[in-house]
């Protein structure tokens, strides 16, 4: 499952003896680019293509997932990288690897092999949303495996307009529902900030009240099912997105900006947004100069020593990815396919309501067991007066990058 795919490159990533194994590629290409993908796949008789339907304008098949079937079982991989060489080279990406899921004994029925996080039925439900006979086969394969060891929650988006009980199945309203049902309303946490970190930005509207600080923030600040929604304190939002200098000084130099597609047309309509921006810095993981294509969202404590939850996902900061309410809040409209995994303390046997943040991403074992490896530096540093967000379709000639461009 992916967005940008280089079939020849993908096949080369397999050891020689496995390059003829059956491979199904789920994509969202149409017309010329679909023909191009089919031409790429044509030389390989083991490669099948499955087109995800995209019936709403400007939608993409943005989900990045691998379902790997072995003799010994099944593995699920949910990640943020396109299947192209550049995405696996000098960038910062996120990847969640499931345990190896064993096959259930024959004749097992119903909800066998389910996890406390309902991951199995949620994954099957996500696959069924494609309405594809080929993916129904994979849903059946998942049904035959034991996914009970899974500790994360699945959070997906799939294109459509959803009302009634369908409204909470996808996008930011699904996020809201998970936070409502599986986190605890700890009063001290109600003022904790939220962080969003991403590599692309959609159109947010004329000001923050249109979407970012209304429906989207309301989903992100949900904690348990406390009814006190009226007196919500104004929760700070910290957004992490690379500056021009971040890109200029990166391993790839200016070309890294090709994967940070924030356009001048969108940016100049929402200058208000840039006051929320913070630089990319990742000394903790040695990745300050590897530009982020990872997308993460989390709820840290004010001292940034703890987090209430952590999400890694394909979803950037956009209404197309997360959904936007329509018809007076009765309908959620989503344009794209997205997929991520949510880490909640409760599913890891923690009743404190938080993870500790790991001080150094790769340090030894002298930290509490449940310390979470946040891949960038906390607290995030706000843009200075001279910092500008990276915009991909304007020229940069003032200063050379790391390659002298």
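Heads up, the Cβ atoms here are built off N, Cα and C, so glycines get one too.
TrEMBL labels come from automatic prediction, so no person has curated them.
Residues annotated as active site, nucleophile in TrEMBL: 62. In the three-state DSSP scheme, residue 62 (active site, nucleophile) is classed as coil. All protein chains shown were included, and the count of other CB atoms within 10 Å of the CB of residue 62 (active site, nucleophile) stands at 27.
Listed in sequence order, 80, 94, 197, 198, 199, 312, 313, 314, 315, 316, 340 are the same-chain residues six or more apart from residue 295 (substrate binding site) with CB atoms under 8 A from its CB. Taken from TrEMBL, the feature substrate binding site applies to 64, 295.
The active site, proton donor/acceptor feature in TrEMBL is assigned to 293. For residue 293 (active site, proton donor/acceptor), the same-chain residues 6+ apart in sequence whose C-beta sits under 8 angstroms from its C-beta are 80, 81, 82, 87, 91, 92, 93, 199, 259.
In this structure, residue 318 (site 'Interaction with DNA') belongs to neither helix nor strand by DSSP; it is coil. Here TrEMBL flags 318 as site 'Interaction with DNA'.
Annotation for residue 318 (site 'Interaction with DNA'): same-chain Cβ neighbours under 8 Å, separated by at least 6 residues, are 200, 201, 202, 203. On its own chain, residue 64 (substrate binding site) has 1, 2, 3, 78, 79, 80, 81, 82, 314, 339 as residues at least 6 apart in sequence with a Cβ closer than 8 Å to its own Cβ.
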